[in-house]
């Protein structure tokens with residue numbers, strides 16, 4: 001065969017002959033923590049960085065590879081400039097307005113509180129430098145996140161009056177691994193500047209639900225356990241308020257919060273079956289509920305940790321030791337020769353109760369660990385879905401069984417219903433039981449269809465003689 005007529009050259013010569021593209025130069029005004037961290041991340045992403053400073057020769061340590069110049073000189077070397085200074089220091093930008101004409105200014109500033117100024121910082125900057133295109137964005141990024149590279153998949157917001165300027169900033173942000181969401185014109189700058197001032201916005205609903213459940217069950221059990229004993233039995237057992245009530249409330253809230261993580265998924269499945277499609281939009285309340293499932297799960301894990309710690313210290317409490325010693329002494333006084341009666345059923349029930357509690361807590365911790373970005377990012381989507389969905393429902397089932405075994409011999413006792421009210425563990429089993437039943441109703445048709453396909457495939461692959469034998473059987 002004749003060789004192809006292709007001229008080959010050494011890689012070094014080819015690399016030398018073709019001129020490498022020159023990285024884009026970006027300018028940063030401000031050499032504080034945010035400016036230095038942003039410059040470091042830009043350099044690691046392949047950009048060239050120049051800093052503009054009032055004191056170029058004494059501005060402190062900067063990332064290796066970056067240049068530092070005066071504001072005027074630095075502005076001339078780049079078309080995209082990041083403003084990493086506070087609003088009260090914007091005065092020098094007004095004097096530089098001719099040098100900044102035609103430039104894209106990215107305002108990263110934030111305020112200490114809402115309504116601190118009559119107009120947003122970005123609008124004020126645009127008024128100072130009317131010839132530039134101001135884009136508000138990246139202000140939700142912290143210096144710590146930039147320095148440690150925790151940017152993959154993180155969502156940032158942009159707004160500005162120039163679509164071309166926003167496009168340039170969005171391309172840069174995408175190269176940093178960020179997800180960009182355009183919020184429209186510069187009139188949305190005030191909304192963007194208020195984002196960093198929000199205190200746990202994604203945790204507000206889960207925390208409200210957890211606090212409400214904790215308060216309700218705490219006062220409910222306070223009435224049933226402490227006040228009932230004082231009124232009906234003339235017993236002062238107020239010491240139970242500190243540990244005993246807490247050790248009852250924590251598992252109740254934990255189980256309900258865990259079931260609330262999986263209840264919206266079941267509701268969504270029934271909605272899709274009812275509508276006959278999975279592409280229709282969920283109601284806003286359900287969509288918001290599904291978005292905070294991770295926070296609900298982590299709160300449930302926190303309450304489970306408290307329950308485990310409270311259970312661990314229970315044998316060391318004075319009231320428990322006193323009750324145990326009193327029981328032994330009374331038994332010895334009544335009959336010193338007869339050994340204690342061993343209830344085999346009670347032993348099975350208690351051991352099953354502890355085993356299910358330990359397994360449930362182990363799976364709880366596993367779910368919590370995989371929800372962390374550093375751990376979940378190392379899993380494939382199928383692995384992550386298996387742990388959070390399959391093992392999650394298994395965790396809910398085990399923890400629910402843990403609660404049922406706790407009250408397995410108390411459901412039919414009249415003494416259990418003090419003042420005709422059910423105990424707390426009965427109430428907490430309602431929601432997880434409903435979730436498991438609904439999940440089973442969703443799964444059973446799928447299992448039936450799968451078994452039908454398997455049977456049909458097996459029948460097609462069987463010879464007719466064997467099929468006749470099977471039919472006769």
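Glycine too: its Cβ is placed from the backbone N, Cα and C atoms.
Feature annotations, reproduced from TrEMBL:
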DOMAIN    26-110  domain 'Pyrroline-5-carboxylate reductase catalytic N-terminal'
DOMAIN    252-388  domain 'Ferric oxidoreductase'
TRANSMEM  205-223  transmembrane segment
TRANSMEM  249-274  transmembrane segment
TRANSMEM  295-313  transmembrane segment
TRANSMEM  353-379  transmembrane segment
TRANSMEM  391-409  transmembrane segment
TRANSMEM  424-447  transmembrane segment
The domain 'Pyrroline-5-carboxylate reductase catalytic N-terminal' (26-110) resolves under DSSP into 30 helix, 20 strand, 35 coil
Contact set of the transmembrane segment (391-409) with the rest of its chain, CB cutoff 8 A exclusive, min separation 6+ beyond the ends, reads 251, 254-255, 258-259, 261-262, 297, 349, 352-353, 356-357, 359-360, 363-364, 366-367, 416, 423, 425-426, 428-429, 432-433, 435-436, 439
The DSSP breakdown of the domain 'Ferric oxidoreductase' (252-388) into helix, strand and coil residues is 112 helix, 0 strand, 25 coil
Sequence-distant residues near the transmembrane segment (295-313) by C-beta distance (under 8 Å, 6 or more away from its ends) are 202-203, 205-207, 209-210, 243, 246-247, 250-251, 253-255, 257-258, 260-261, 360-361, 364-365, 367-368, 371, 392
